[in-house]
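In what follows, a single structure is set out as structure tokens and then discussed.
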Amino acid sequence: MKSIDIRGARTHNLKNINLILPRDKLIVITGLSGSGKSSLAFDTLYAEGQRRYVESLSAYARQFLSLMEKPDVDHIEGLSPAISIEQKSTSHNPRSTVGTITEIHDYLRLLFARVGEPRCPKHDLPLVAQTISQMVDRVMQEPEGKRLMLLAPVVRNRKGEHVKLLENLTASGYIRARINGEICDLSDPPVLELQKKHTIEVVVDRFKVRSDMMSRLAESFETALELSGSTAIIADMDDPGAPEMVFSASFACSECGYSLPELEPRLFSFNNPAGACPTCDGLGVEQYFDPAKVVQNPDVSLASGAIKGWDRRSLYYFSLLTAVASYYAFDIDTPFAQLPAKIQQIILYGSSDEIEFFYINDRDDKIQRKHTFEGVLNNMARRYKETESNAVRDELAKYINNRACLACQGSRLRQEARNVFIEQANLPEIAEKSIGEALTFFEQLELNGQRAQIAEKILKEIRERLQFLVNVGLNYLSLSRSAETLSGGEAQRIRLASQIGAGLVGVMYVLDEPSIGLHQRDNERLLNTLIHLRDLGNTVIVVEHDEDAIRAADHIVDIGPGAGVHGGQVIAQGSATEIMQIEASITGQYLAGKQKIEIPTERIPYDANKLLILSGASGNNLKHVELVIPVGLFTCITGVSGSGKSTLINDTLFPLAQNALNRAERTDVAPYQAIDGLAHFDKVIDIDQSPIGRTPRSNPATYTGLFTPIRELFAGTQEARARGYNVGRFSFNVRGGRCEACQGDGVIKVEMHFLPDVYVPCDHCKGKRYNRETLEVRYKGKTIHQVLEMTVEEAREFFDAIPAIARKLQTLIDVGLSYIRLGQSSTTLSGGEAQRVKLATELSKRDTGKTLYILDEPTTGLHFADIKQLLAVLHKLRDQGNTIVVIEHNLDVIKTADWIVDLGPEGGAGGGQIIAQGTPEDVAQQPGSHTARFLTQILAKG
């Protein structure tokens, strides 16, 4: 078949659509947020493609796979096995890294095991294993007639008299030994000092080099290796100062005997006990009690509470500190910061001195004991380890922090693995390089002879996989980067690169906005990757709003016309040119330039006396930058992926502002020197795209605070008062008014083992969540269930006469959420929808005009028309006097900003600098900025 034929798709809000999609093409599905794009791409096409493949497996195999729900569709023909690449975080496993996800680490392990050069950590000498034949051949290269002796080292730099050893050697028939560099007769050995280190090497054979002695020499080497374990030495009998030949039968250092077993791939795996650092078990980090968290207020004294739980109110612990203060003669009322460094060290880490302590027991008797002081940090660590109380453990956990493991320096690998090199680089050093740098390293790597042959195929796989990651714009990441720290867009592009590496043909790939988090500069490379995937012989279906992606598509499907109940129809399909000619297509109108987001006619000037200045920010790749944000304006933080935007705003500015304005106690602030200007704000709010709730019970009505006044209305009706129902009666979270059969969920979960779990409507309440008595109470003819089933638009009209409710509903309409239902489960909301629910909640609150709002890529999942609506909301917040800081790549947002801070010039180590700060027009003139190049083009369009 040359096409995918869909008939009667009704999944979620799809209106019984019929659609024919070409196979082996790049197809972009676009439309307003909530119009039904994901319902078509993921919940219909992908779900059915995956379901059909999984159903072909045995019932036994199916129980290990999560089978998707059968979509509500009459008929689909022409489907291939489907692979979905979504924007989910790749893994919450701390052992998962970019290298392990992409399997590059597996190839690196194989490479190091086969062609790596082990070295001694102490002497930096290569560890080389030799056969007896190689040893004999080497000796036979010496001049004919040269007098040599073969030694077997049996003791190396070890204390002791070694009397028994020397006696055993004599009994075994050995005549001579070299002891501490001197040849001695074993019949009369020297007396060795017990407390000194000695080296004893047995003379196994003495010979002149002759061509007919190879078999004798081989036997002598066998004896020497057996005697020493694995090492043999050839020394010149006539010239004691001549260089000696050291041979090893195992991977061992010729100087100290440091040895390795045969190199295997598992030695280089931090997920295998053979390779993992024994201190941190391969995690690369270790937990420790952080002095900065323990001493929360160094400007006050120990007596006044510099260390929480050890002040005057805690009789036992304070008595310990009092005794320590008495012994070391310092004042317990002196501020902790003013105590000598040595005293601070003793308080935190303890002392080996015997100190007299006085205790009061249960009978108020004073008891005296003399012992060492373990220190506050050691005390906490011991209690954390020994306690069986979860409450104590949770309290102590507040003082714990993570740091790079001191034993492996965060590399996760044991010492043996860290001391294997390829061209002077070990595995952790390669994993720490950015992907771009790693690719350059392997492209320039030249191995010789047999090593080159062995490594050829492995290197080809490594280079290809690294190139795929560069092609999807991830050259700034390192292979050692933990999967937990990746954004949704980064995780998706890593999976995309892995799929290209797999080289599958005849597959249907479904992607969700792969351009998220990607700068315009990297967009072209991403699109080339998608085209490459198509050219392999695959159907690539992309849910996307990016203009470049839409124009590059072979086939576009525009879903609309509106969102939610107003969407679910195919408005237009075809090429970009065809879409632009269809008046009903909002996407087509924007592509044709008939509709657009206008550039402000004039920029709002900033007040030089009202600035937020963050100095010396140096977290991750930031290079001591100074960030200037004008108060009361709309600021955009721009820059290529990995340039340091999130580190600067999310990891530095936001936690600092939280601590100062919201009374948070965050200690995970990235390094900085100073911050000035927070006095201009009364609170900071981060509006991100995380879910507004993780259970079916949470919904827009409960999150925005709408549900409380609605329940109060129902409780105030004549019927409710007559029955004695209060507000709690109309809650589905507590006993009373809810249906107890489903506990207010409205559905019952049925586990089906090798089929997906089925949620069936509750038999008792028929999915209405409330019991019959509660549903008998009506407000204006509607039950509480019917109100929750209303869309925001319907509810706005219904509650028009109730200002407290109408105002909150209007803010939801203002942010473009008129189509969602009040009781819609939060788990069904997209990231963009969840973010706009949060925005609406903030808009509905009484505004002081002194709020600092931080948003990270708010345009995720938003169509051109949605972005226009979002910008109207952000500009409204700005016009009320608030300060808006947005991390964004979308040029329509950037061009409407009052102020831009552009980071770069590149990602990773090549970034971390502020390239430009100023109005969009100022930044567009900056020659070293990638953002400027694209900004110039869009400003010229007007």
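Heads up, the Cβ atoms here are built off N, Cα and C, so glycines get one too.
The model shown is predicted, which means the values in this text are computed figures rather than measured ones.
If you look up Swiss-Prot, you'll see 31-38, 639-646 marked as ATP binding site. DSSP assigns Ser641 (ATP binding site) to coil in the three-state reduction, outside any helix or strand. Using a 10 Å Cβ-Cβ cutoff, Ser641 (ATP binding site) registers 25 neighbours.
Under the heading domain 'ABC transporter 1', Swiss-Prot lists 310-586, citing sequence analysis as support.
If you look up Swiss-Prot, you'll see 606-936 marked as domain 'ABC transporter 2', on the strength of sequence analysis.
Taken residue by residue, the zinc finger (253-280) breaks down under DSSP into 4 helix, 3 strand, 21 coil. Look at Swiss-Prot and you will find 253-280 (among others) tagged as zinc finger, backed by sequence analysis.
According to Swiss-Prot, the feature zinc finger maps to 739-765 (among others).
This prediction places the mean pLDDT of the zinc finger (253-280) at 85. Sequence-distant neighbours of Lys645 (ATP binding site) (same chain, six or more apart, CB under 8 Å from its CB) are Ile637, Thr638, Gly639, Ile887, Leu903, listed in sequence order.
On its own chain, Gly31 (ATP binding site) has Lys37, Asp558, Ile559, Gly560, Gly567, Ile571, Ile586, Thr587, His863 as residues at least 6 apart in sequence with a Cβ closer than 8 Å to its own Cβ. Within 10 Å of the C-beta of Ser33 (ATP binding site) there are 28 other C-beta atoms, taking all protein chains into account.
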